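Data block below; observations after.
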Protein chains: 2
Amino acid sequence: MRFDVTILGSSSATPIFNRNPTAQILNVNERLFLIDCGEGTQQQLLRNGIKAQRINYIFISHLHGDHYLGLVGLLSSLHLNGRVKPIGIFGPPELKEILEIQFKYSQTELRYPIIFQATQTETPEVIFENNDIIVETILLEHRIPCTGFKFSQKKRLRKVIKEKVDSIGIPVDMIPLIKAGVDYKDKQGNVYPASELTTDPDEPRSYAYCSDTICNWCYLDQIKGVNTLYHESTFMHDMLQRAQDTYHTTALQAAEVALKAGAEQLLLGHFSARYRELDPLLEEAKAIFPNSRLALEGHTFDI
Amino acid sequence: MRFDVTILGSSSATPIFNRNPTAQILNVNERLFLIDCGEGTQQQLLRNGIKAQRINYIFISHLHGDHYLGLVGLLSSLHLNGRVKPIGIFGPPELKEILEIQFKYSQTELRYPIIFQATQTETPEVIFENNDIIVETILLEHRIPCTGFKFSQKKRLRKVIKEKVDSIGIPVDMIPLIKAGVDYKDKQGNVYPASELTTDPDEPRSYAYCSDTICNWCYLDQIKGVNTLYHESTFMHDMLQRAQDTYHTTALQAAEVALKAGAEQLLLGHFSARYRELDPLLEEAKAIFPNSRLALEGHTFDI
């Protein structure tokens, strides 16, 4: 099952050095989820050959412009390009008002419904679930209310061993039962234990998106054991005071979070405009957490 | 005196084929005016090497997203990059509310003042004037209230003939008077007529920006004699019905407007997403008005 994330933007606050503000596409079993939607996200989708109409759910972390200003344009284009199927948007409650006022004044009546679900920052909660994944909010601490998002694959059914199943001639409609652990009994009364017809399923994997936040450790429990952690690393650690003043994180801190969370892979992003070259941030993180990567635009990372 | 326009975006409605939504930079004697501000304008300014902080006035034609969605991001970046000097914004009254709500929810207190002046669509009016130009609104007819803008250079003072002035030894502080037409009299009582010390000034030039509008001819009087006309040409003329239904103009109609207005140069823009190749639109316009040009991104046109 495909489970990866494509970076559309990794700049903090102001776009610069050809870096765009934050947006990511999560591909879960060929269903696309958009995480944050900075200005120019629709252009970035085009540049990366990703069909915007395939997005059915959008998650907005907070209402700083570099995380949502591309949303009205994207929603308008979906409308103009003929969308009729609904889109789900998760984000701070005030986002609804921001969208409504702009559609009102542009006299835009969307042809498709927006299903808006407000997030809150009191307690983490499950906000979405389908056959493949569960999405929970992560409580972050920024200058304004902000949540991260944790995408966890569901535990999956056992995998059938095709050659065995074929050689025994098990009917197709029995397969789901065998995957679920039911033994197979043929017409002659022979019993084939499900455990011998199947192998263990892949372990469910998970992705945590943490941007923007001061490194307060409060969210550590929630992301423990996550496979891939995206964590903002706006500054290098020599700018720790500035990071704290602006409720951001340093690359070193992000690496410490990844280490303590027991993550397998760390994606660094939300780079300050002060850094033209990003390798120093990567090196700083790698010294603590070797499997650190730069969340560069256009790159896709398996989770 | 420099008087030119640089195209930052020329796509209608949805960005496509690497074309961005509408935005233009007018350079008037090294002062920058931004005309419309579609999504991604700040990125386009960066790509074209234009310093956003040099913009002191912004003119927004109407509240369809492809003409203003880049504004909050641009204003935020100016703030984050330390701007303190005021910025003037001209646009529909509701724009103020759209800006305010977004700065409220992002808890952004701009370090610089926004001087907002609401436009109206009852009657054309002069909305701005400095030493170099006068800006008037043009009443367009679109699906929602919309104005164009006409930028007219002021009539300028006569130009002194430097060699003559130097040879006579005219004091520097007399020059402005001579430019204004006052004759010079030296200590011996010799009179030098201003008409002999100066040549005629350059004729004032003008630029009319007409996007978006149905071709209703009502605005023709206002743009008569304009030197450079930017006119939307969303469709080709075989799509006339569609143009009229959506309150847009065809390339052929734009050329007819330029012809009847007696313009010297026509810039075509606001191209529909249906046209990957734009040469057919250009050819259609040129058949009526030979000095037609495509308003392509990154191109600068003398007015």
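Every residue, even glycine, has its Cβ placed from backbone N, Cα and C.
Per TrEMBL, Zn(2+) 2 is bound by A:Asp66, A:His67, A:His270; the candidate from A:Asp212, A:Asp221, A:Asp238, A:Asp302 named for the same site is A:Asp212.
For the Zn(2+) 1 site, TrEMBL records A:His62, A:His64, A:Asp212, and the single candidate of A:His142, A:His237 listed with them is A:His142. Ranking the binding-site residues A:His62, A:His64, A:His67, A:His142 by how many other Cβ atoms lie within 10 angstroms of each Cβ puts A:His142 at the bottom. A simple way to gauge crowding: the CB of A:Asp212 (Zn(2+) 1 binding site) has 27 other CB atoms within 10 angstroms, across all the protein chains here. Chain B lies within reach of A:His64, taking the binding-site residues A:His64, A:His67, A:Asp212, A:His270 and requiring a CB-CB distance under 8 A.
Within 8 Å of the centroid defined by the CB atoms of A:His62, A:His64, A:His142, A:Asp212, the record's Zn(2+) 1 site, lie the Cβ atoms of A:Ser61, A:Leu63, A:His67, A:Leu140, A:Arg143, A:Ile144, A:Cys146, A:Ser211, A:Thr213, A:Tyr247, excluding the listed residues themselves. Using a 10 Å radius centred on the Cβ of A:Asp66 (Zn(2+) 2 binding site) and all shown protein chains, the other Cβ atoms total 28.
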